Amino acid sequence: MAAQIWGSEKRARRRREISAKIAQMPELHDSKPLPFMTREEKIMESARKLTILTEKMGQIIDPTDPAELYHLNNEVLGLEGNPMALHGVMFIPALSAQASDEQQAKWLPRALRREIIGTYAQTELGHGTNLQNLETTATYDLATQEFVLHTPQITALKWWPGNLGKSSNYAVVVAHMIIKAKNYGPHPFMVQLRDEKTHEPLPGITIGDIGPKMAYNIVDNGFLGFNKYRIPRTNLLMRHTKVEADGTYIKPPHAKINYSAMVHVRAYMLTGQAIMLASALNIATRYSSVRRQGQIDKSQPEVKVLEYQTQQHRLFPSIARAYAFQFAGAETVKLYEHVLKEMKSGNVSLMADLHALTSGLKSVVTYQTGEGIEQARMACGGHGYSMASYISEIYGVAIGGCTYEGENMVMLLQLARYLVKSAALVKSGQSSKLGPLVAYLGVKSEPTSLIDRIPNSGFTEYVKTFQHVSKRQTLKAADMFFGLMEKGEKREIAWNKCSVELNRASRLHTRLFIVEAFVRRVNEIADIRIKEALTDLLHLHVNYELLDIASYALEDGFLSASQLDYIRDQVYLYLGKIRPNAVSLLDSWEFSDIELRSVLGRRDGNVYENLFKWAKSSPLNKTDVLSSVTQYLKPMMEKARL
Ligand SMILES: CCCCCCCC/C=C\CCCCC/C=C/C(=O)SCCNC(=O)CCNC(=O)[C@H](O)C(C)(C)COP(=O)(O)OP(=O)(O)OC[C@H]1O[C@@H](n2cnc3c(N)ncnc32)[C@H](O)[C@@H]1OP(=O)(O)O
Ligand SMILES: Cc1cc2nc3c(=O)[nH]c(=O)nc-3n(C[C@H](O)[C@H](O)[C@H](O)COP(=O)(O)OP(=O)(O)OC[C@H]3O[C@@H](n4cnc5c(N)ncnc54)[C@H](O)[C@@H]3O)c2cc1C
């Protein structure tokens with residue numbers, strides 16, 4: 001199963017080898033539980049481990065393999081981030097995709113050797129979503145052949161970029177490029193922020209940390225202002241766009257090609273989310289098979305809480321989602337790598353499809369991951385609320401994904417633009433022009449679902465039902481939009497008035513893609529036992545998801561009330577079938593205790609003793625009487641006694 005999850009037997013084996021090596025290297029372990037550290041201590045601890053890793057990485061992993069790097073990162077540095085998180089996730093990908101060969105030769109080896117630390121600085125205090133209204137400017141000075149970066153007012157301060165505040169000395173900065181008073185829109189520039197020897201901010205740069213966040217606090221998300229700060233012309237990233245010495249602008253082959261670093265993260269973060277969901281579920285499911293509370297049959301002893309159907313219903317559909325996200329994420333990464341290769345050689349024809357797909361996926365996956373992790377926390381009762389479970393940190397980090405790389409509603413609307421264009425093709429009889437991801441929009445569906453009517457139909461009838469609801473909602477939302485425009489409404493106003501319906505279409509389309517990715521994967525599996533276990537999970541997935549969106553299929557009679565009852569029964573049936581495999585389905589992800597960082601979710605199940613040990617190690621328990629008591633509470637009580 002681990003081979004299915006991680007892509008191959010070799011990958012699963014390598015992960016095990018890496019975890020085993022790390023287990024033998026105490027210098028790479030947290031020196032005490034992270035929840036007991038202050039933010040400064042955590043940042044220091046992370047930097048300590050990071051530098052050891054830089055020295056010893058080659059002994060542990062193949063540093064050129066991103067999957068090995070990611071695993072090493074999760075084990076040693078953990079999900080709260082590290083001082084170089086953005087360096088790998090965005091700075092290097094931005095340079096790789098957007099810098100010319102010459103620029104790459106100059107900067108990439110230095111970045112890869114970790115001579116310099118970089119980040120991606122785009123969002124500002126006043127604008128994150130609407131890139132056209134970013135306010136930082138890069139004005140070309142013809143006389144000196146330099147760009148002058150400037151922050152015209154407080155809202156133009158860069159705000160949020162990870163590791164910008166304290167760790168990075170370089171950044172890819174996105175600024176509006178102005179040449180001879182003409183604004184060419186947002187473009188990426190390579191900018192040195194700090195002196196390479198002293199790490200002091202360079203003159204003209206104002207920089208710092210934006211303060212503590214809900215989670216992810218090892219990362220120093222930062223602010224940055226420029227006061228007429230000069231950089232050479234050749235620091236504009238020039239793979240696709242060029243500015244010649246005389247100010248001549250050579251436009252890129254696609255207007256949005258400079259957005260590729262965002263698409264990179266949107267594609268890669270899906271499996272990251274799956275891992276966080278599976279981690280939280282691993283903790284909750286293990287704990288649920290240790291925790292005994294109440295009886296189902298009063299004549300029997302107390303049961304493991306995992307025996308309760310409500311507990312299974314809370315956890316198992318999310319186990320199915322974690323697998324589904326991992327499989328859909330793996331497909332998306334493959335597609336992304338393919339499109340990136342094409343883009344580098346000038347073929348930009350697949351960019352719109354990739355953008356639409358990743359926009360929908362990042363939104364649905366992050367939202368459902370958040371839901372699943374929060375349910376996992378509640379499934380652990382009171383102990384889930386303790387930082388000893390570590391679920392709150394996983395939750396905080398995961399739901400950051402609902403916001404970063406494009407706020408979810410906004411990204412769903414990006415997919416909706418693509419769906420509405422596709423709907424227009426269908427309506428104008430040009431269905432043959434539909435891309436493969438939306439081809440179903442042009443296919444006539446049956447009048448009613450045949451779920452429960454065709455024995456052994458596999459998942460075909462389910463997929464058809466998802467296709468039906470997605471198609472119907474897309475055409476309905478598009479009709480609403482076109483109808484408003486026909487009535488004379490301006491395009492943007494009409495769009496806004498339909499946006500809830502449009503986003504519903506985007507979610508349904510994305511959920512269909514996830515179901516199909518899961519079906520594709522299960523169909524490929526040769527090993528009978530693995531196929532059986534995953535088929536059960538897929539049954540739960542399709543039935544649970546369909547129940548969740550049933551209103552769309554009920555309202556036009558595609559599904560009947562009796563079919564709904566059948567689907568509900570299937571959910572209950574598969575909850576029971578999955579119960580014996582539940583812990584194994586999560587143990588198969590092979591998270592080590594070091595990586596999980598959870599007292600509740602330990603592999604040995606020794607929860608209570610370790611919770612007590614953990615509590616005793618709380619810094620508050622170093623003394624029996626705190627100074628807050630001697631200084632304030634004790635005098636108060638004494639005064640009251642007089
Ligand atoms: C093994 C490795 C594993 C790695 C694992 C990684 C896991 C990571 C985990 C943790 C890391 C945490 C790190 C967090 C880092 C966070 C970073 C950031 O957040 S960076 C900032 C991100 N910001 C955004 O995403 C901003 C969102 N806004 C936008 O993207 C845009 O403004 C917009 C909403 C898309 C609109 O853009 P714009 O105003 O320029 O658009 P319009 O002029 O209106 O044009 C719209 C048309 O453009 C098309 N379009 C838009 N984007 C793209 C694109 N990327 N590609 C192709 N086409 C695009 C769009 O479709 C419209 O087309 P038409 O409909 O008009 O045809
Ligand atoms: C943990 C974290 C890490 C980050 N790291 C980085 C980084 O490394 N580099 C970087 O540059 N940035 C980073 N960001 C910033 C992030 O990319 C932005 O916060 C994000 O893109 C959302 O933009 P915003 O904050 O402007 O939200 P807003 O756009 O202000 O969103 C507020 C509300 O307005 C709604 N809204 C906005 N526009 C529309 C619209 N057109 N239609 C409908 N609704 C709309 C949204 O749906 C939302 O409900 C990070 C953010 C977080 C939380």
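For all residues, glycine too, the Cβ spot is worked out from N, Cα and C.
Annotation comment: TrEMBL describes GLU405 as active site, proton acceptor. The FAD binding site annotation in TrEMBL covers THR123, GLY162. Per TrEMBL, the feature domain 'Acyl-coenzyme A oxidase N-terminal' maps to 1-117. TrEMBL lists 259-420 with the feature domain 'Acyl-CoA oxidase C-alpha1'. Taken from TrEMBL, the feature domain 'Acyl-CoA oxidase C-terminal' covers 460-638.
Everything TrEMBL records as a feature, shown here on the structure.
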residue: THR123; record: FAD binding site; contacts (Cβ under 8 Å, 6+ apart): LYS158, TRP159, TRP160, PRO161
residue: GLY162; record: FAD binding site; contacts (Cβ under 8 Å, 6+ apart): GLY81, ALA85, LEU86, VAL89, MET90, THR119, TYR120, VAL219, ASP220, ASN221
residue: GLU405; record: active site, proton acceptor; contacts (Cβ under 8 Å, 6+ apart): MET262, VAL265, ARG266, MET269, LYS362, MET411
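Under DSSP, the residues of the domain 'Acyl-coenzyme A oxidase N-terminal' (1-117) split into helix, strand and coil as follows: 86 helix, 0 strand, 31 coil.
In the three-state DSSP classification, THR123 (FAD binding site) falls within coil. Per-residue confidence over the domain 'Acyl-CoA oxidase C-alpha1' (259-420) averages 97 (mean pLDDT, predicted model).
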